[in-house]
């Protein structure tokens, strides 16, 4: 019986080699991971920019509304003669006369922030350009969008009026005396319930006309401003 096995002429059977199956080609994961990281970074950057933009808009709105300081307004409510203190100076034998006036000034605060002032407020009084008196202002507080009163004892040094004595006599005889008062009050502005505090200085330059002898204010004009 003839063999059906194929030979190579020598009667030996050639081995049969079967190629090993190749490993399945899995898709690479490095590129998707890199894309995810880039997408995450872009999202974080956009969120950060949005937060910064919102913060900037909020600050601008605050500075234009809440943090914008409006100038207060002042008005001299009353004046009262508190006393006259003569003083004799030796050895020149000169007589000095100091007059004390009690002034009440009404202050309106239009800001949504209270204004607190400690010691250090000061008022200078001038008569026709000559410094004739001054006063210290006691500590106090003016509420937000409210009114407050500032009381001060103003000492007028009558001897400093000697240079304009003739004019002063003429003013007294006419029944009115015009003077100027310059006031400076340093303090603190409390915003958002005291969350934000800023230093501020309130200034007021006023011209008054006092009646004689009643010492009542007949007319006044004030220019007020605030500096942060």
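Cβ from N, Cα, C; glycine included.
Unlike curated records, TrEMBL annotations are generated automatically.
Annotated features, as they stand in TrEMBL:
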REGION    1-34  region 'Disordered'
COMPBIAS  1-13  compositional bias 'Polar residues'
COMPBIAS  15-30  compositional bias 'Low complexity'
TRANSMEM  40-64  transmembrane segment
DOMAIN    104-201  domain 'Late embryogenesis abundant protein LEA-2 subgroup'
Model confidence over the domain 'Late embryogenesis abundant protein LEA-2 subgroup' (104-201) (mean pLDDT, whole number): 84
Tally of DSSP helical, extended and coil residues in the domain 'Late embryogenesis abundant protein LEA-2 subgroup' (104-201): 17 helix, 63 strand, 18 coil
